[in-house]
Amino acid sequence: MESSCLRLHLQPHHLLFPTTTTIAPRLNYLHPSPSLLRLSSSSSSSSSSSSSRNPSQHLLLLLPLRSSPDSRVLVSSDSDLAPIPPSQRTLTALDMASLWVGMVVGVPSYYLAGSLVDLGMSWWQGVATVVAANLIVLVPLVLTAVPGAALGVPFPVLARAAFGLRGAHVPALLRALVGCGWFGIESWIGGRAVFLLLPPSLKSSPAALAPVSWLGTSPLQFSCFLLFWLAQLAVVLRGMRGVRELEKYSAPVLILLTSSLLCWAYLRAGGFGRMLSTPPRLTRSQFWAVFFPSLTANVSFWATVALNIPDFSRFARSQADQIVGQAGLPVFMGLFTFAGLAITSSTEVIFGRVISDPIQLLGRIGGGLPTTLVAIFGISLATITTNIAANVVAPANALVNLSPRRFTFARGALVTALLGIAFQPWRLLSSSESFVYTWLLGYSALMGPIGGIILADYYLVNRMDLDVAALYSENPRGPYYYWNGFNAAALAALVAGILPIVPGFCAMWEFCRTRGKHSLWPTTTHGL
């Protein structure tokens, strides 16, 4: 019996809200049988003796393994989707906050408040709209992170409880497609930073800048894009550990560089120009007509990350760490969007015209090569930290979930990066701004029904009590097998949640198509 089972020794309180304890479970791989995995709490000799004195501290779970054709385990013990044991959940509140700083500080966030001011809001109305949207998204963000921190499972595995063992591929792949699209666009933005480092003679060469018809861009620009693309691969191929280290150590650097740029703009312009004194251009009725679409668009800005946040919270040390660490999101977004708005406003005084593109601005800053190198390093780091955390982790895990035998996290990340090239972001950005905003941000808004179904299933249907073992077993009698691995009720609810959005989505698409860049969506790539 034991040779065909997965034995899990877990402390009951670790199955939900893990707290600091002297007994830390860890993985012990035993090899008398290839189908046996023992997860015990013998992290040390003292903890082992302690557990023997108090056997009630452990919970024994037996999972049928591959010896039974009807009871196949979906992932191996060393899979990137396997539950994280409490001893390896080490992310503190500061680490979670650093993760969000790394994602917030980037080119898309830089534009948010400024785009709202372009629509007629005052500076404080624009910043307040961004903060209000992030306060709203913080609620599902924290609620979805709870099961990840409690059970140590990633988003695709958590989705199995609601959608079924096979039905979970639907929300996971839908989330992955958005990530692949954004990965390509962010990589193209990073390639523009590489372009600034090139010698002026090369950047002005007609031969190097001449577009190739079948490629859709110039060889020089495509080469810069590939260089930045390869730089990101160096991080993602190290797996989740590389991602976590990058986000942790880059946060203070990004804060320092953003503060330095803000101070430079203030001193050079003698203040923030007319930004603080410009009144709103909208009447009360006009303001509300702009506010609600803008609020929705800003909520959708982090909707995709709010969906797959268990991919990160599964590493959190405790629920308190993940909640406190993420509580700073509205503050980070408010401060950074204010910085972007203030710096953009100061450029009118410094250069005689408004420069809303931060990459173009960095190319205009004086100080010689050292200053240029620091500036390019900052914009590259900001783009990489946002792109990898927000746009690589979810697609990579979705591919591992789709085929655990063929994919690891690194292989999934490589496929994500290749799909980012296949999306041809240079064509998306050159064809129509409105297409990018409507498709990508509108598509992100469609993630709402998926999040609602997962939250309703976890909190209302299952009452925060999931069978972790059953999430990894294809036993037809398991609670999450439903009908042939699909929960028809969840899929029907997903369709019902999406259909009401479609008319408004199509109307917004038509509005953006006819109005061009004067879209109600936040302009995240203005000036590209």
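Cβ coordinates are placed from backbone N, Cα and C, and glycine is handled just like the others.
Feature annotations, courtesy of TrEMBL:
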type	residues	note
TRANSMEM	97-117	transmembrane segment
TRANSMEM	123-151	transmembrane segment
TRANSMEM	172-198	transmembrane segment
TRANSMEM	218-237	transmembrane segment
TRANSMEM	249-267	transmembrane segment
TRANSMEM	287-309	transmembrane segment
TRANSMEM	373-394	transmembrane segment
TRANSMEM	406-423	transmembrane segment
TRANSMEM	435-461	transmembrane segment
TRANSMEM	481-509	transmembrane segment
Which of 123-151, 218-237, 287-309, 373-394 contacts the transmembrane segment (172-198) most, counting Cβ pairs under 8 Å: 373-394
Any contact, the transmembrane segment (97-117) to the transmembrane segment (406-423), with at least 3 Cβ pairs under 8 A: no
Cβ contacts the transmembrane segment (373-394)/the transmembrane segment (481-509), at least three under 8 Å, sequence gap 6 or more: no
The transmembrane segment (123-151) vs the transmembrane segment (287-309): 3 or more CB pairs under 8 Å: yes
